[in-house]
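Everything below concerns the one structure shown next.
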C-alpha cells in the first residue's frame, strides 16, 4: 500500500511517499527556520502563509523523487492535529482536495502518533528496520509536547505521564533565548553544552515523587535567576516598523559561563526524562523504549537512555525526529488496517490528544 503523507502542523512544510508503513520512497521537508529566527520563535501567521506558498512545490518534489504519479497512490494521509490551527488548515485543505480529485481515501493522523511511528521507517539505502514488538514505552519529546506512553499494540495507548507546564523542547527554546543562543533552542543548547561542564552550577530536577509527570518551568526560572547576576541588558522585542516585533537577545558581561549553564540545563532535562522512562520500562515490562519527537535527536538524551534503560532503546535518524510527512504516511498505514478514514468535512483539531486514559499502576496493564 502506497500512501502520500502531508504534514504542516507547525513550521515545516512536508510531503512524503511511504510503502506499507515501513519503506520511505521520498521525504521532502521545507523548513521555515530562516523565517522565524529573527522573532525568537515561530510566528503562527507567518508560518501558515509560508505553508501556502511551499506546499505545492513540496508535493511535486515528493512524487518526483518517489518516481510515481497519482495513479500509484492508494491513500492520502494528513496531520489533523495537534498543532497551529492556521498551519494545519493548509495541509488539510490540500489533502482533501487531492483525495477528491484523485478519488483516494483520506486518512487523518495524530501528529504525536506520527512521531512514534517514525521508529518503524526505513530510509532509502538503509538496512530494513525491524518492527518493534509490544509492549513499548514511548517517550514523546518535542517543542509542544512531552508525554510518556505505554503502547500495547497498534492504536492501543495508555498515558503514563505528561508535562504539567513547559514541554521539554519548549524549555530548551526558552533557555536558549535566556542564554542568547538563538532559535531553535534544542540544537543550540546541545552545541553549547558540548563545551561546558555540567555540575558547575546546580539547577533543580523536578522529580514529582513517584509520578511519571514532568515539570520544567521551575528549571527555567532557576536558570533565569543565575543569569540575572551577569545581565547587562535584558532581552527585548523591537518593532522597527515591522508587523511582528523582532527578538533582541540579552546582553551579559564577559564572564558569563554560557557553556557551563547550557550543559547543566541540558543535564537537568535529560536526567529527569531518562530516569522516568527507564523506570516505566521496568515497571510495565516493556520490550523496548521508543524515543520520538524533535528532542529525540538530542545526543545526550539518547546516550543517557542507552546507559540506564533495562531494555533496548530505539530512536529515528535525525531527519525523522523533526516534523516530517514520512511519519504521517507510516502511521496512516496502520490506521488504514483498522479501517480509519475521514470524510471531506475533516477539520483541524489544534489540541488533539493522543490518549486521555491514564494508567496508575502496572497491574492495570
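Just so it is clear, glycine is given a Cβ too, placed from its N, Cα and C backbone atoms.
Now, the feature entries from Swiss-Prot:
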BINDING   111, 115, 323  Fe cation binding site
BINDING   140, 141, 142, 143, 144, 173, 186, 298  substrate binding site
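Each residue in 7, 9, 79, 112, 114, 142, 293, 324, 327, 328 lies on the same chain as 111, 115, 323 and has a C-beta within 8 Å of the C-beta centroid of that Fe cation site, without being one of the site residues. Reduced to three states, the DSSP call for residue 144 (substrate binding site) is coil. Distance noted between the C-alpha atoms of residue 142 (substrate binding site) and residue 323 (Fe cation binding site) is 9 Å.
Take the Cα of residue 173 (substrate binding site) and measure to each of the binding-site residues 111, 115, 323: the nearest one is 323.
Under the three-state DSSP scheme, residue 323 (Fe cation binding site) falls in the coil class.
DSSP assigns residue 298 (substrate binding site) to coil, not to a helix or a strand. Rounded to a whole number, the distance between the Cα atoms of residue 140 (substrate binding site) and residue 111 (Fe cation binding site) is 11 Å.
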